[in-house]
Amino acid sequence: MVKRKREDASSKGLAAGEPLKRTAHAIIASSWGWVGSEASETAQITEEHLSATCGLSKRNTHPFCRNKFTKYPSKREQKKPRVPVNGEIDEDIIVISSDEEEDPTCVKRHCKNNPNCLNYLGQKKWEDEEDAREMFMGVANLGDNPAEDARDPDLPVGLKNLGATCYANASLQVWFRDITFRSGVYNCQPADADKFKDSPIFQLQVTFAALQESTQSVFNPTKLVESLELRTTEQQDAQEFSKLFMSHLDAEFKKQSNPALQSLITDQFQGKQVYGTICSQCRSVSARDTDFLEIEINFKNNAHLEDSIADLLQEESLSGDNQYRCSTCNSLQDATRYTELASLPPVLHFSLLRFVYDLASDERRKSKHAITFPLTLDMTRFLGNAVDRKSPSTQKTEDNLYELRGVLLHKGKSAYHGHYEAQVFDAANGSWFQFNDEIVTKIKKLGDKGLALNENGAKKEHEVIDVEAEENGSVSDARNKQRENARKRRRVDDSDDETPPAGSSKKSPVQQMVPDPQSRISSKDAYMLIYARKEPCSQRLDPPTPPPEALAVVETLNTAHEKACEDYAEKEKAVTARFAETRRKVLDIYQSWTVNPDEKNYVVLSSNALESWLEKHAIKAALAFDNPVHPQRVSIQDILCPHNLYHHNKAPGMKRITQEAYDKIVSETQCVFEPALSPNHICRSCVEETFLEKLYALEHPVHISKFDAVVQVDIDLESYWISKAWLKDWKLAKPKMHICTKGDRPPDFEEYKTHVRCEHDGLCLNSTNRIRISKAAAEFLRSLFPQWEPTSGDLEPCLICDGLKNMGAEDRIELRRHADEEKGKLKHMFDNALAGNISLLIDIPCALVPVDFLQAWREWLVRPTEKTRPGRIDTEVFFCDHGLLTVDPNCPNDLDGHLVVIQRSDWNELQTFYPAGPMIAVEKSDNSHYVHDIPVCADCRQQRKTDWTSTEITIRKGKRGSSPGDTGSSAPITYTNGARQSKRLRQAREAVVSVQITVTKSTTVKDMKVQLQKDLDIPTICQRLFYGKQELDDNAATVESLQILAHSVIDLREENEVHEISDSEEPPKKKGKRREEGGGFGGTVLGRSEHRSSSPPKAATVAPPTEKACGACTFVNPVDELTCNVCQEVL
């Protein structure tokens, strides 16, 4: 073992005069290091400075990384070969070297933001030819290759699941393997040729013909399902389907002229059993024969099939309260009841009763008991009467030996949900197969995993289920595996390999799986067992030939599939030819597009654009090269500013390539990058904004230092007052009041002005909010804020404020008297304003006043010595420049929170106390809109509702009200008459809860739901929001995108949480409520059959509705209500 020696770091140190670089810090410094030193104002910014902000200047520290995809001669090849020293041979020399040809500093993490590194844009996909081909074909989007759906010669054809038709697919796969039955279906002749092709029997012929002759791996049985009128979205019971379909076919076969065909169902599937009773007194026998198509088996856990059959034939003693009335004795007598199997059909079906009735839950449930069954079943000991069955002389006969030919499986825990599959022996292939709808897999071993037993009941680990597609894998995975196998077969078939030499072994397409006849299978999902009478090898039947009409349908499908394969192959061939040419061009471009340090002729693009060109646009252009109407346009918008120029803040996403490479991209790959910009198209406006902020960051600490040096106040010298809060904020490294590109707020800004000056523009009495500064400090601040007028430190406190503060008892009494006078004259408005009902204002002249004035006025009336009396009643803000209204008096959302309706007489009285105007006069008649003399300006009204930064919206829970702008029953804020409402209406209104939340235009629906979860304790999953008639179901949508206006009302409906279950899960049980059973096969061809079914279908009945929803608010009302209980809308 040879140890690698650590290299000496000194040998790779910095060259003389080379500066030490600190990656990110160095890059930032080189990009903006000129601020304050080379430029102190925007006019001094040069083109070199602009380039530096985007990392495109020589002063930037971005390294020029070597192109890893350019083929350079290695340093090892350039070195002279080492001459062995005396006594050495070549084999003794061990060369140890690190990968010197790789640039150790060029890694994806470090070079992600380097405009000079082009090594990590997706070139590796083009380097590997197979990866490049896969990417090229993906963009070409030729669709699914029909050849991948070609039938595997070693696998049978699957059936497409149309939704919930797995029960029918499993049964069809079992019946198809019965050669005699298949032959009978083929031989069925039409009674009415015109209608025959629409009949179930013809569609069954087509389905069987497709399973036999199709060249595709899956057949779609849509027409068969439609002819039977089955509902594809409803899961049905496979046993019931089997009985009803056999009954339907039996009726069709009996219409045929061929006697053998007339009795096909009877001869092939029907057996005979005897039910009898023996009187213990007179020994008379009462017996009757009954035909059966299947034997129903009750079983316990780990039961054997033979034991369950014996239990079925066990005699039953009738005695005590259960005595039998003997017709011979003419009295109740003890008796013995028995069941006998008189004869057995060639194909024997055992129906395993897995679905049992649970008395506790009053529902069906699925039994997961395991049952074991043999591959070969001897039925001799179950035939005849009890004496014959128990006789030791009973010998096995070949006529009563049955071989397992199929197992129908029900996967899932519930009796109401699940999935049907079939394991069937296919004589044509000599193997067992698992049929899972479209997925067909060869079974290596039978039974449930770990439950296979031998003849003595002991476990046999080798007899387990083991299909080629794992049971726990998804159907799509198994389907993809089949398609992959199809691709492999296609490659083998298309290759020009020589035939194998003589003597080489080749796997036969049909391999017999010869299991031990004595082995037993155990399963917890087996639902139906199919046994066939064992036949001598000489009597094996050849597959029958499908009828010409059915075969023609299948051949048409085969021809169409073959044509689709040929068309796809032609397109694939053309695309493959284009691929080789495109790959050559792309490799040539990106192997030579790296910019050198001295390169001046280059183009700046975004890394995303280059990645998109490599991954998509170059391929799309190549595919459309024959018809280049328009070149492929690649956007570089992600590195541009709002002015459509290069944005320095997006420099990490910029890459530069040589002009020559760019020209090749345009000319050879027919792609253009838009907009087309030159390297000097860097946005000066955006750079200036950042420049000012960086200059501020440099100058602000200097300003603070200068201010602190002169801020101290001498007692005898002139001083000035300044806001203490402003000064504290301004002295921060980054003041909170600082606004980007606009600088800091002046000391007399509205927020800080009241700290020094009172409302009368005098010195504020409260001195805790202000501080003295020297004259020099004030002059320094004046140089920074020229518009600021400092307040002299010699100014006396405001006399008016001092008078109010020191107001005497007489003055207080006078203010109280004045407030009481106003309140007495406007008592009606004081008592009823803001209450919320308009019933007192019908047919009375009214006016609108601002809510702000009304609230301030009420506060002053309550505390006249503490609150300031309001000034003017200003309604001018509700008028536009055209002299029209910007609010609609008939829109509650326009008035809510802004205006209040009062009587005209109250308005006239207010004018005697306050300056007011202009008046907005309105009047409302009974059940009509407000009438107003001044029209509404629609354009200005819309602008007022949309021109906002943040606003409050009302969330109303309990009903859906009228949409914004509607003239619904909702009313503006006004009076209430205090009338007593009915208990029903009061309860309905009490159920309505309103909350207000503050939103901005960027607030999303999800943000609103999260806030409502905090305010109303309603989970977000249970919230449904409505804006007018539009449901806000997109959680990512913003208030701006939804065009929600200011002060709008959004309605909230609370929904119950839905519990979703899968096919294999039991839904949650609700006590006291029995699960509704489905309609079965009612309404289908099988449900209308005249023949008796084991479970007759229920007649489909539609229950009359018991509830109806309100169209306005969606509240669910009893069906007999005439008006909505919540919004009083007529139903």
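Using N, Cα and C of the backbone, Cβ positions are placed for all residues, glycine too.
Just so you know, TrEMBL annotations never went through curation; they're auto-generated.
Among the features that TrEMBL reports, compositional bias 'Polar residues' is placed at 964-980. Summarising the annotation, TrEMBL assigns compositional bias 'Basic and acidic residues' to 1056-1078. Positions annotated as domain 'USP' by TrEMBL: 157-457. Residues or ranges marked as domain 'DUSP' by TrEMBL: 817-926. Feature annotation from TrEMBL assigns domain 'Ubiquitin-like' to 985-1052. Among the features that TrEMBL reports, region 'Disordered' is placed at 467-519, 954-986, 1056-1104.
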Helix, strand and coil totals (DSSP H, G, I; E, B; other) for the domain 'Ubiquitin-like' (985-1052): 21 helix, 21 strand, 26 coil
Cβ pairs under 8 Å between the domain 'DUSP' (817-926) and the domain 'USP' (157-457), at least three: no
The domain 'DUSP' (817-926) [mean pLDDT, rounded to integer]: 85
The domain 'DUSP' (817-926), counted residue by residue under DSSP: helix, strand, coil: 47 helix, 22 strand, 41 coil
